[in-house]
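**Student:** Structure provided below as structure tokens; questions to follow.
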Amino acid sequence: MSGSLNDDSFHQDLQPQANHGSDYLSHQLQPPPPPRRPRGFAATAAAMGPTSTTAAATGGKAKREREKEKERTKLRERHRRAITSRILAGLRQYGNFPLPARADMNDVLAALAREAGWVVETDGTTYRHSTPPSQSQGAAFPVRSGVSPISSGSFKGCSIKAALDCQPSVLRIGESLSPASLDSVVITERDAKNEKHTASSPLHAAHCLEDQLIQDIHSRENESQFRGTPYVPVYVMLATGIINNFCQLIDPDGVRQELSHLQSLNVDGVIVDCWWGIVEAWNPQKYVWSGYRDLFNIIREFKLKVQVVMAFHACGGTESEDAFIKLPQWVLEIGKDNPDIFFTDREGRRNKDCLSWGIDKERVLRGRTGIEVYFDFMRSFHTEYNDLFAEGLVSAIEIGLGASGELKYPSFSERMGWRYPGIGEFQCYDKYLQQSLRKAAGLRGHSFWARGPDNAGQYNSRPHESGFFCERGDYDSYYGRFFLQWYAQTLIYHVDNVLSLASLVFEETNFIVKIPAVYWWYKTSSHAAELTAGFYNPSNQDGYSPVFDVLKKHSVIVKLVCCGMPVAGQEEGDALADPESLNWQILNSAWDRGLTVAGENSPSCYDRDGYMRIIDMAKPRSDPDRHHFSFFAYRQPSALIQGAVCFPELDYFIKCMHGEIEGDLVPS
């Protein structure tokens, strides 16, 4: 509206100038015009005389209020334009939308509609390829503002194909369409075959029409977008408890039944965790592989590929749990005399989930260093199962590099009392990492920096509650930057050391490293949770690039935990979380370095929406370089034979990953 008013005033100003040349002489011959009468405030003052000072003051106050309101309007307009420019920049950069330089929301809607396969003409007329305006039955008729023949709630009870049939055949979007006004929307008469889907509930909000368009777009995409897309193999993670603590296969028949179900779903392979705490449980360099040999023989019967995880961490919370797996007993015995082999927080509490990276090159494990222990374990596995490598049964080896097998410090241990969305605590207070910190501070010339931050809060603190992580906190001071760089560099050194020895064991074998998804507090400046996990990734840094540079050196496959939703019972807004932005930062950083990327679902992604988010991430449609996941690791909530997974949903997910989806979707 403001644009049209400005254009009118502009033409009015130009009109006298256009007539000036032709009427110049007549203007010169006419007598001078009479003096203009005072208008507005001056006329009022002249008429009322000097006795009207009170009224004049009132008018002056009203004028000042109008001026203030104009300024506020200008500020709101600038804010709106700034947000719009960011949206357009994101669409151009990440969505590959060819938007014009001065695009508005009409251009955005048109681009989205064209991306979904609609035809959008220059006057805003929008229709599908199958139903051009010339073939629509009946003339277009105006509809009251906000009224639509279909309710958004009507999509909930029908399949995607039925939702397609519910849509109007033609949408005419007027030139004045904007996020605040949809009064010019005109909807043509629907096809006779769609009348049975008419809904009685009108839409009374402007955004409802946008939701309807988005629903239609998603419906059409989900129906056909995956046929012919790149083939992404799907591997299913076997349950942790199938091998007991004495390295025995518990239920061979149950394993066969589960593998039979997986084979019926056309999965490409399975993932098996080989636990250090089981194989080398009682004595150093005494390895027991018998249970895993039985398991691999059964997998060989079903001709499934295998990815093997070198699991150097503990699993489970209490000994009463069936899947509770500790570190080797002989390691725990050493830890009683020398607890500094474990990660330690500021209060001196030891985390026994994995060994501290401070002993990677310290001979404290019966004459061996930490990385030598890992090397001997991997070499024993390769020697024991050399026949599996020769047959090509083992497709990749995943190297556990930290807590939960992920590349991170154990800063979020629930055994230590952490609960989402706490920021966690730094794990660098064992004597070996403290020695490394003192050495780094001395080399920097500031020996008094050889300490951890004393104002970083507790496990369940929020960033604003600590002086270190709050806005403009110590994390961005000279000391804070030094400490965080050292903390992150220690993680990188561990990665490089372990992968260098793994390369000597598994020649010509694909390596996998799992990257965690620490998405809470991502919208804050400090990114506190990522900092305690070991990724120096505040808002003014890129904490993943140095890690990926090392992974590129060893030709590693990066496996990202795809977080679709926050932890159950929590809202993203409560933790300023942004899972999607974190995922795309990691993916783009890895792809920019030429790394191969894979995915793994988080425990919250077992519904249709979660699956669709993962598929969109695995095969990004707007990526001009056609990147996609090399494989996907499916983490099941429990054994499939227990009926915890909805097979139609999982079957649909696997077909989408394989690029084999038919036209119709399985019913939800």
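Easy rule for this one: first residue shown is 1, then count along the chain.
Every residue, even glycine, has its Cβ placed from backbone N, Cα and C.
Taken from TrEMBL, the feature compositional bias 'Polar residues' covers 1-29. The feature region 'Disordered' is assigned by TrEMBL to 1-81. Annotation source TrEMBL lists compositional bias 'Low complexity' at 40-60. The domain 'BES1/BZR1 plant transcription factor N-terminal' annotation in TrEMBL covers 60-206. Per TrEMBL, the feature compositional bias 'Basic and acidic residues' maps to 62-74. Annotated active site, proton donor per TrEMBL: Glu406, in sequence order. As annotated by TrEMBL, active site, proton acceptor applies to Glu600.
Help me picture where these features are in the structure shown.
**Tutor:** Note: the compositional bias 'Basic and acidic residues' (62-74) comprises 13 helix, 0 strand, 0 coil (DSSP; helix = H, G, I, strand = E, B).
Neighbour list (Glu406 (active site, proton donor), Cβ cut-off 8 Å, at least 6 residues apart, same chain): Lys514, Ile515, Pro516, Val561.
Less than 8 angstroms from the CB of Glu600 (active site, proton acceptor) sit Lys514, Lys559, Leu560, Val561, Cys562, Phe632, Ala633, Tyr634, Arg635, each of them six or more residues away in the same chain.
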**Student:** Can you work out the mean pLDDT of the predicted model over the domain 'BES1/BZR1 plant transcription factor N-terminal' (60-206)?
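**Tutor:** When the pLDDT values over the domain 'BES1/BZR1 plant transcription factor N-terminal' (60-206) are averaged, the result is 56.
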